[in-house]
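Asks: This is the structure, below, for whatever I ask next.
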Amino acid sequence: MVPRLAEDPSVSAQHVLTQPPSQSVSPGQTVKLPCGTVTISCRLSTGSIVDGNYPAWYQQKPGRKPQMLIHTTSNRPSGVPARFSGSRSGRTMSLTITGALAEDEADYYCGVEMPGTTDRNASLSTPPTFSSS
């Protein structure tokens with residue numbers, strides 16, 4: 001898994017979501033993570049993340065449109081596998097993938113809706129990717 005950082009210049013500086021770096025894993029290599037899960041987290045620079053901010057996670061595969069995986073913190077739209085789950089605590093929102101599969105290789109985006117924003121209410125940043133090399 002190789003996360004990479006991308007920042008959206010249209011997002012207000014007062015509401016910035018960030019994520020710490022993570023590890024690279026090659027096929028066949030043992031991954032030592034708690035409970036065999038992969039967790040991706042984004043942190044809001046100010047304030048708290050609540051359900052009213054509609055915290056969401058999106059997956060984007062190469063050449064395809066983003067697909068919503070999680071909305072309103074922990075709800076999965078129809079058709080999203082149960083291995084994807086969401087949670088939040090204070091300024092941090094997390095996406096957990098339990099038993100990640102090769103087909104989960106993609107960019108992952110976190111988004112929140114903040115008061116006072118208009119059309120650009122989804123603050124997207126830090127798209128991690130799963131690397132098969």
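Don't overthink the numbers, they just go from 1 along the chain as shown.
Heads up, the Cβ atoms here are built off N, Cα and C, so glycines get one too.
Sharing the features that TrEMBL gives for it:
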COMPBIAS  11-29  compositional bias 'Polar residues'
DOMAIN    9-125  domain 'Ig-like'
REGION    1-30  region 'Disordered'
REGION    71-90  region 'Disordered'
Asks: Can you tell me the mean pLDDT for the domain 'Ig-like' (9-125)?
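Replies: Summing pLDDT over the domain 'Ig-like' (9-125) and dividing by its length gives 74.
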Asks: By DSSP, how many residues in the region 'Disordered' (71-90) are helix, how many strand, and how many coil?
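Replies: The counts are 0 helix, 8 strand, 12 coil.
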